[in-house]
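See below for the structure under consideration.
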Amino acid sequence: MGKRRWSQHFLRDTSVAQFITELVPSGLDIIEVGPGRGALTLPLAEKSKTIYAIEIDPTLAEFLKRQAPPNVVVIVGDALEIEWPRADFFVSNIPYSITSPLLLKLAKYRLPAVVTIQKEVAERLVAAPGTENYGRLTVAIRCHYDVEVLRILPPHVFSPPPKVYSAVVRLTPRRPCVEDFENFQRFTARLFSTRRKTLRRLKLGETEKRVYQLTLEEIVELYKKHFDTTETCRS
């Protein structure tokens, strides 16, 4: 069992592991964050060129090194802090405590991915404009990806079982909606801090449409009109 401070819930259901493994194309170099005891790592290794397994827990990393075949490269470190190896695909049962920052880092690499995340986060990723779940994370990820929720997972498929349901999500890269993602993130962070205000009140337009009702395309249009590398969102 992993350290609780890293919010690790290990996949224990082999049928779910098989389902996820079958979503990953064969013969690729794979980055896996949070491999734990290797529930996904080992079956993925059978069909992949190389697995770069990034594990923050040194004890789990040593365990995996003893169990894994030669094409699994175990990297001990914080996936949020280190530079990732060059790879073709990303897989992760993402630790709950780092879900949003890890997804945002993944977006910078633009790797195709299959991730397991909290169901509520998955609902945010596919949320429609004008709904409560729609927000900055929705916009940031869909700037780079088409998002599909493929399967809902009950708590008992993990050990220890989390208190919430999870979801298997496929992220397919699309043409980025902007060139400078860092600036776009700063813009959307400021914009969604006033998510219920109208564009008229924010002096970003003449419409009474509220921030959380804007489509991705409308947000990109605002970004290009009102924001560059030296200024912040006008409010």
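Heads up, the Cβ atoms here are built off N, Cα and C, so glycines get one too.
Swiss-Prot has this to say about the protein:
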- HIS9, LEU11, GLY34, GLU55, ASP78, ASN93: S-adenosyl-L-methionine binding site (BINDING)
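Proximity of ASN93 (S-adenosyl-L-methionine binding site) to non-local residues of its own chain (separation of 6 or more, Cβ distance below 8 Å) is seen for HIS9, PHE10, LEU11, GLY34, GLY36, ALA39, LEU40, VAL115, THR116, given in sequence order. Here S-adenosyl-L-methionine is bound by HIS9, LEU11, GLY34, GLU55, ASP78, ASN93 per the record. The longest Cα to Cα distance in that group is 20 Å. Its own atom aside, the Cβ of GLU55 (S-adenosyl-L-methionine binding site) has 29 Cβ atoms within 10 angstroms in the protein chains shown. Mapped onto three states, the DSSP output places HIS9 (S-adenosyl-L-methionine binding site) in coil.
Remark: of the binding-site residues HIS9, LEU11, GLY34, the most isolated position is LEU11 (fewest other Cβ atoms within 10 Å of its Cβ).
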